[in-house]
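Everything below concerns the one structure shown next.
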Amino acid sequence: MQSRMQGQRTLQLRQNSCIQPKWISQKNFTFGAATSAYQVEGAAHRALNGWDYFTHRYPERVSDRSIGDLACNSYDLYKDDVKLLKRMNVQAYRFSIAWSRVLPKGRLIGGVDENGITYYNNLINELKANGIEPFVTIFHWDVPQDFRRRIWRLLKPTYSDFKNYAELLFQRFGDRVKFWITLNQPYSLAVKGYGDGQYPPGRCTDCEFGGDSGTEPYIVGHHELLAHMEAVSLYRKRYQKFQGGKIGTTLIGRWFIPLNETNDLDKAAAKREFDFSVLGSTGVRTISKDNERLGDRLPKFTPKQSALLKGSLDFLGLNYYVTRYATYRPPPMPTQHSVLTDSGVTIGFERNGVSIGVKASINFDVKDLRHLVDFFLFVELLLLSTRIPSDSKSHQKQELLMLIANALADNGRIQFQCSHLSCLKCAIEDGCNVAGYFAWSLMDNYEFGNGYTLRFDMNWVNFTNPADRREKASGKWFSRFIAK
């Protein structure tokens, strides 16, 4: 049996190691690109969601005070999106359904917006006509605003409403959609929305909207997992057999290295932070002391719920962004409990003044992607989002002062992609069950709290005229790589 930490052999990260004609021999490996509804569609012809309210009412929560009302205008330009995908030679497109576009009130009782259904039918049909497989995320953080008010910001159970919403999608699109992702990064919504207040609804212990950073993130995360479980159970009972699809979820994928690799406290801290921020999103706690650490603040699953949750993945998606150093930090006083400090770990990007990896909008050490993949050795994995570092931050006003040619010549992204694909090649050759690689993102888009200041993507977009889209060097390289 292979060890989940077996990847000790030297990784060859030369650029030419990932451009060979036959990159892997594994059958049914999928290359794709990804987006999400709020980040690309625009707000036209749908009801408000929590991000609409949040960015309009509190623009200071976004780094450039921008809003996602237009974004890439994919609602009107979806055929252009598909043309980009076709030009890139990808076999799949991961996108999300905007909950408020199909259920304006968030609930079936509030009525179905057939125009929204038509939009997604058109998108799915266009993808299929071009030989591109749709991978659909059911929920990517955009709770309908009317629904959010009624359920008190996800702090009350919403399983039946989410299940009904998911069933609507299974009914209307399941004849063509064969890959369903219930939730995108449940950890992020729970922590950013209820731990530090940076995402809607902006709740935390010290936030003006109120909240409790020591309890609410765990309640929300618990409800997210139960909603996932209910949707999976429904799909398997009523739809999977005759529709022939698969269903899973997506976690934020991070790896942690002890700041001092000879210090036992730092070693334990790295393991514990992984447990909190990655495994915690699956309902799994591998260190019993963590349950003791959280006590009654951690909601409990019934034995039946635990059993259903344990078997609720046909595949697991990982969004890999970052590697960080971890060092021991004493736990907070009982009166200062917070999801941000409960793990008793301080994380950072530098050791003795040296960055852990490439300095960009994110920091990464590419070899640690291999460790992350190894950890989930016996699960079918889809690497659903690898954020390609932005060469620079560029506010849309500043773009008038820069040459578009510089933005398009993103050679750093090419090396980033190449290094990650080299690691995946090693992992697959050693038996890791990695079934796909999806680059984030198809095109420059609205990056939630960062607004339009970051460009992670393989196609340049003019945010004042989203029909103006231009292929970057990384997009051309990715296209050639897939075609070989």
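Each Cβ is built from the backbone N, Cα and C atoms, and glycine gets one as well.
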According to Swiss-Prot, which candidate in F31, F147, F456 joins Q39, H140, N184, Q185, Y321, W440, E447, F448 at the beta-D-glucoside site: F456
Pairwise Cα distance for N28 (N-linked glycosylation site)/F456 (beta-D-glucoside binding site) [Å, integer]: 27
Cα-nearest neighbour of C204 (disulfide bond) within the listed binding-site residues, Q39, Y321, E447, F456: E447
Neighbouring C-beta atoms (10 Å sphere around the C-beta of N28 (N-linked glycosylation site)): 7
DSSP three-state assignment for N260 (N-linked glycosylation site): coil
For N184 (beta-D-glucoside binding site), the three-state class that DSSP assigns: strand
Pairwise CA distance, F456 (beta-D-glucoside binding site) versus N462 (N-linked glycosylation site), rounded so that it is a whole Å: 14
Most Cβ neighbours inside 10 Å, all chains, among the disulfide-bonded residues C204, C207: C204
Inter-residue Cα distance where the pair is N260 (N-linked glycosylation site) and E447 (beta-D-glucoside binding site), in Å: 34
